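Colleague: According to Swiss-Prot, the active site, nucleophile annotation covers Ser126. For Asp181, the entry in Swiss-Prot reads active site, with the evidence type experimental evidence. Among the features that Swiss-Prot reports, active site, proton donor/acceptor is placed at His194. Among the features that Swiss-Prot reports, disulfide bond is placed at Cys37-Cys115, Cys63-Cys76, Cys177-Cys184, with the record citing experimental evidence. If you look up Swiss-Prot, you'll see 1-16 marked as signal peptide, on the strength of sequence analysis. Residues or ranges marked as site 'Transition state stabilizer' in Swiss-Prot (evidence: similarity to another entry): Ser48, Gln127.
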Amino acid sequence: MHLRNIVIALAATAVASPVDLQDRQLTGGDELRDGPCKPITFIFARASTEPGLLGISTGPAVCNRLKLARSGDVACQGVGPRYTADLPSNALPEGTSQAAIAEAQGLFEQAVSKCPDTQIVAGGYSQGTAVMNGAIKRLSADVQDKIKGVVLFGYTRNAQERGQIANFPKDKVKVYCAVGDLVCLGTLIVAPPHFSYLSDTGDASDFLLSQLG
């Protein structure tokens with residue numbers, strides 16, 4: 001599929017997303033950079049075209065659930081602004097830009113250096129899953145060890161990475177790929193199931209909480 005056709009297909013389905021924008025909560029998501037250290041740090045990369053740092057769907061949903069379960073203990077940090085969540089970057093060799101990967105890698109390293117006692121959990125949605133894969137596999141073993149769990153919604157590198165993150169323990173990762181979500185099969189064809197992951201955010205949050213010490 002040519003890049004122009006990829007962009008048109010992704011843009012059309014983004015507009016046609018069945019999730020009502022009025023029901024979504026847009027949060028700041030810059031709490032690692034701007035706030036005090038917390039016992040838990042959640043780092044998330046949003047889907048293509050989503051505004052803000054956490055986005056307006058699965059990112060805020062997981063963040064809010066973690067905060068409800070561990071009141072006062074969670075800092076939520078979205079990847080940006082160098083990660084722009086633009087559509088064309090989906091067609092790059094790693095499914096996102098090198099700038100986005102480097103920014104996410106830097107956030108993980110910042111969490112460890114700034115807050116050495118924090119437990120890190122992470123996630124991504126759509127293009128954001130490629131950001132997480134690219135960043136986490138490049139981290140040192142010491143930083144990777146601080147990451148307790150990762151959830152990936154509509155994993156765009158699922159087929160290429162065989163359902164896991166390269167160079168990272170498989171038991172720390174939970175992948176959510178809906179039936180009929182063709183990006184999980186290694187394509188850039190975005191079908192309606194790709195927008196179904198809000199219903200998985202409760203289970204994903206429970207998984208991350210279960211990974212904490």
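Glycine is treated like the rest: Cβ placed from N, Cα and C.
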Colleague: Going by DSSP, is Cys37 (disulfide bond) sitting in a helix, a strand, or coil?
Modeller: coil
Colleague: Other Cβ atoms within 10 Å is the metric here; tell me which of the disulfide-bonded residues Cys37, Cys115 scores highest.
Modeller: Cys115
Colleague: Can you check what DSSP calls Cys184 (disulfide bond), collapsed to helix, strand or coil?
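Modeller: Helix, per DSSP.
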Colleague: Within 10 Å of the residue listed as 'active site' by C-alpha distance: pick out those among the recorded positions Cys76, Gln127, His194, and say none if nothing qualifies.
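Modeller: Within 10 Å Cα-Cα: His194.
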Colleague: Would you kindly give the Cα-Cα distance separating His194 (active site, proton donor/acceptor) and Gln127 (site 'Transition state stabilizer'), rounded to the nearest Å?
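Modeller: Their Cα atoms are separated by 11 Å.
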Colleague: Can you tell me whether DSSP puts Ser126 (active site, nucleophile) in helix, strand or coil?
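Modeller: The residue in question, Ser126 (active site, nucleophile), is coil (DSSP, three-state).
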Colleague: Could you round the CA separation between Cys63 (disulfide bond) and Cys37 (disulfide bond) to a whole angstrom and send it over?
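Modeller: Approximately 16 Å lies between the Cα of Cys63 (disulfide bond) and that of Cys37 (disulfide bond).
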Colleague: Could you work out which of the recorded positions (Ser48, Ser126, Gln127) has its C-beta surrounded by the smallest number of other C-beta atoms within 10 A?
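Modeller: Minimum Cβ neighbour count within 10 Å, taken over the recorded positions Ser48, Ser126, Gln127, occurs at Ser48.
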Colleague: Looking at the recorded positions listed here (Cys37, Cys115, Cys177, Cys184, His194), whose Cα lies nearest to that of Ser48 (site 'Transition state stabilizer')?
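Modeller: So, spelling it out, the nearest of the recorded positions is His194.
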Colleague: Where Cys184 (disulfide bond) and Cys76 (disulfide bond) are concerned, what is their Cα separation in Å, rounded?
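Modeller: Computed Cα spacing between Cys184 (disulfide bond) and Cys76 (disulfide bond) is 26 Å.
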